[in-house]
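> The transmembrane segment annotation in TrEMBL covers 6-26, 69-87, 99-121, 196-219, 258-285. Feature annotation from TrEMBL assigns domain 'Palmitoyltransferase DHHC' to 152-295.
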């Protein structure tokens, strides 16, 4: 039972982290920040100055500057999963007469996911520039609650269109700003939200399909081995029927890498499926993550509360105007997949 205990602890820790991230996301004071600050204060007197500066620079570069580290991590994890699936699960499935069409689906989904992943990385999210700002100002009206007319970005020195926000990671204002995604090293805005949604759903489909093929393979392995009808001698010398826990432990010992991969895929599927559903809801009501947090009075971690021009912090939520930009389900979805074009003024 040691393997089951360790895996249960692993799952409990992961689920706890997910719950905490979902609960405190967008808030300035979180258990993570409090714990991190406490650890830093405790170990700082015993840590060399050069190591403190190195860790600070590293953390700043990872989370406050554009970098490709999480893209490489994404590719590494994906490569490890597909290597294990191809090396072991694929062969077992072929022995069980699984059709090649079924086994080819994960690779087709990988191609689709890679295409949308590339578009999320490379496509401009809708940067507010001197050339485009005049047209972007006329796309959305100001709701005068979260977005007010006449407010300029102190960094870009441009008037901020409604639904725009300055991203301090990319150092630019983005039209219909949703959030900055470290996994694609790019902002998600007006021009690439559709690619981000399709990317999320393709990753979920990919993880779910590989997980289902792996579960089918393990079930066939259990049925062929006759474990469900077997028995074992426990530590007291008593004969016990092989129940579900015994079968799971046997699978851990027989297929450790496959079972660990399956656990990782299930975790990724449920995490990203929840995230994809959240963004689908936002798309249906025509709201961004930035607007969702601000409408609930949450404070952005990187804002300057003393600078009124930033307009990043909002007053108490006004639920009567929560979905100010919603124009109906079909129009809201149309706006995601066919973003409004900037209004170009003709010179007389």
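Quick reminder: no glycine exception, Cβ is built from N, Cα and C everywhere.
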> For the domain 'Palmitoyltransferase DHHC' (152-295), what does DSSP give as the number of helix, strand and coil residues?
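Grouping H, G, I as helix and E, B as strand yields 83 helix, 20 strand, 41 coil.
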> If you count Cβ pairs under 8 Å, which stretch among 69-87, 196-219, 258-285 touches the transmembrane segment (99-121) the most?
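Going through each listed stretch, the top one turns out to be 196-219.
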> I need to check the long-range neighbours of the transmembrane segment (69-87): which residues 6 or more away from its ends have a CB within less than 8 Å of a CB in the stretch?
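Same-chain residues near the transmembrane segment (69-87) but 6 or more away: 62, 106, 110, 117, 121, 182-185, 210, 213-214, 257-258, 261, 264-265.
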